[in-house]
Amino acid sequence: MEGFMDSGTQTDAVVVLSLAQAAVLGLVSENELFGATISAEAFYPDLGPELTGTAMGEPGPPGPDIYQLACNGRALEEPPEEEVLEVEAAFEKHTRRKTRPPVRLVPKVKFEKAEEEEEQEVYEVSVPGDDKDPGPAEAPAEVASSGCEALVQSSAVKMIDLSAFSRKPRTLRHLPRTPRPELDMAPFDPPFPDPARDGFPEPSMALPGPETLPTECSFEPPHLAPLSNPEPPNMTSTTELVKPEQGFVWQESSEFEADTAGSTVERHKKAQLDRLDINVQIDDSYLVEAGDRQKRWQCRMCEKSYTSKYNLVTHILGHNGIKPHSCPHCSKLFKQPSHLQTHLLTHQGTRPHKCQVCHKAFTQTSHLKRHMLLHSEVKPYSCHFCGRGFAYPSELKAHEVKHESGRCHVCVECGLDFSTLTQLKRHLASHQGPTLYQCLECDKSFHYRSQLQNHMLKHQNVRPFVCTECGMEFSQIHHLKQHSLTHKGVKEFKCEVCGREFTLQANMKRHMLIHTSVRPYQCHICFKTFVQKQTLKTHMIVHSPVKPFKCKVCGKSFNRMYNLLGHMHLHAGSKPFKCPYCSSKFNLKGNLSRHMKVKHGVMDISLDSQDPMMELAGPDPSELDNHQEMEDFEENAYTYSSVDSSAEASTLTEQAMKEMAYYNVL
């Protein structure tokens, strides 16, 4: 229906028509071929008001008879119906061969060369055809007497409606055309239509250029407006659909791409944060030979090697102090998120890895493996200062630093120095306020979970650590280590008052209390006084019928471990404690002390005992005051019981339980 017409350079609004089109419309008078003028007699004033702008078909291609009629200036007569059909069919065929069909003339603005074409206006001629749906004819707009000037709408849009000069639609028979599909009122979809899907031929753009599409028909769908405005087309006004300023952009796809790009960036940032390899450049020069044709990634700062590159990157970040992952509970920093997740198990109380020997639980398998070395004698790394063995080189290196620095564990609160980190942590707990972990059996509280776990072993009567020399059992490994020193015969700690020597410093400090006159702890039954609270608790067992220490050989029970150890010498037939002044021998050190005081008048001297186990068995009789009866430690004072003693003799009475509870809270 529409086609291009090149108006050229002009100053007035002029419509240029070919001679064939003018002849068909009856606008040519008897003039020469190139000097044709518009003849007013050729108009059809009686038919003009009845014609609509869309009822008349488009002009057909010029034929020889039409040229002859136009040149002679003769009035055109009504052609026969067969000729009309032939002309219209030829016109349809001609229209498909056109490369530049005429369209309505609208001022065009080329965005790329807008400044160069400001002064030159290009117009399009639009001849409405039968592209609209057939329906009742509408009355056309009234044509003014001034001719073509009245048809010019404005200075911006200069066009002439040639439908007023068309023939009656009643005399023409249109060829069958594919009905135009209804516009989809669904949400705006920007992609170009598929001609096979939409049911109309491919459209052509207004001006030739890089964006011009091949065309077979002059029909232009409303949603193929130039792409310049993201607003969807207005379905109520067809005149606004062809305006160049009402195009659209790929809004939905761009938003989808933006969302996808945003999520990709977030995932990339998170991956960088998790991998922690954004600023560490590791090349193949870090690979070293590890034997068996294997290579490991080695750190150049500490020569530590790893099997994977990622572990080396994480290790190097540790040298730089980069720990981006923080614990929300205690604010402790970690290099990897996996380390943080493992640390969070300690706050949750989850320890899935359990030792089968001592039943101690750990959060990591590596900690359990390191702990299992405590149950073995494998210590390949030894300190060259003190000879102490270690299972790992890192432990040895940390231990040797203590020898070199001297002050490595200092409290930031009070400035006290400690030999080990464990002691410093326990001391720092005293500055933190109330305790956190409490025993459900005896209501005793502790600063650390490990202390509570070690304490619970006493209630469970679990003693997994056994001395290989004497068979004595201990609940904790450090107790066994301290006990093993007694078999070596080395006593490094000596009392400055009486000269007595001890293998452990704790035993010497406890012994030093007997030289003071202060005895703050008193028994409310016999009114005896004691230097230590632990000594008073041990004494209270004398007033109770409970005898928790039982001999495995004969089944005899004792109320003190010290007495049980002395009893065990009877089965061995040994009396390790010998008097230096006579030939008397005793199986208990307390009996020897009483013998020397009564027979020889010697109060307290350092005795070389052949039984070093006594120092770990609790306070001995020499540490008690002079008013204490020594019968408590004599073998004759024991109440011997058979193996199958009655339940009344092995259980506490209600009164005794109250007394024990009273002294436990001291």
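Each residue, glycine too, has its Cβ placed from N, Cα and C.
Taken from Swiss-Prot, the feature SUMO2 cross-link covers LYS110 (among others).
Under the heading SUMO2 cross-link, Swiss-Prot lists LYS113 (among others), citing similarity to another entry as support.
Feature annotation from Swiss-Prot assigns region 'Disordered' to 113-141.
For 297-319 (among others), the entry in Swiss-Prot reads zinc finger.
DSSP labels the residues of the zinc finger (325-347) in these numbers: 11 helix, 4 strand, 8 coil. What Swiss-Prot records for 325-347 (among others) is zinc finger.
The feature zinc finger is assigned by Swiss-Prot to 353-375 (among others). Taken through DSSP, the zinc finger (353-375) splits into 11 helix, 4 strand, 8 coil.
Cβ environment of LYS379 (SUMO2 cross-link): LEU373, GLY389, PHE390, ALA391 lie under 8 Å away, each six or more residues apart in the same chain. Annotated SUMO2 cross-link per Swiss-Prot: LYS379 (among others), in sequence order, evidence recorded as similarity to another entry.
Look at Swiss-Prot and you will find 381-403 (among others) tagged as zinc finger, backed by sequence analysis. Listed by sequence, the residues of this chain that lie at least six past the ends of the zinc finger (381-403) yet keep a Cβ under 8 A from its Cβ atoms are 370, 373, 409, 419-420.
Within the same chain, residues 402, 447-448 sit at least 6 positions outside the zinc finger (409-431) and bring their C-beta atoms closer than 8 Å to a C-beta of that stretch. Annotation source Swiss-Prot lists zinc finger at 409-431 (among others).
Annotated zinc finger per Swiss-Prot: 437-459 (among others), in sequence order, evidence recorded as sequence analysis. Within the zinc finger (437-459), the DSSP-based counts of helix, strand and coil residues read 11 helix, 4 strand, 8 coil.
Counting residue by residue with DSSP, the zinc finger (465-487) contains 11 helix, 4 strand, 8 coil. Per Swiss-Prot, the feature zinc finger maps to 465-487 (among others); the stated evidence is sequence analysis.
Here Swiss-Prot flags 493-515 (among others) as zinc finger.
Counted with DSSP, the zinc finger (521-543) comes out as 11 helix, 4 strand, 8 coil. Summarising the annotation, Swiss-Prot assigns zinc finger to 521-543 (among others).
As annotated by Swiss-Prot, zinc finger applies to 549-571 (among others). The predicted model assigns the zinc finger (549-571) a mean pLDDT of 83.
The feature zinc finger is assigned by Swiss-Prot to 577-600 (among others), with sequence analysis given as support.
The DSSP secondary structure for LYS379 (SUMO2 cross-link) is coil. Taking H, G and I as helix, E and B as strand and the rest as coil, DSSP gives the zinc finger (577-600) the counts 12 helix, 4 strand, 8 coil. Note on the zinc finger (549-571): DSSP counts are 11 helix, 4 strand, 8 coil.
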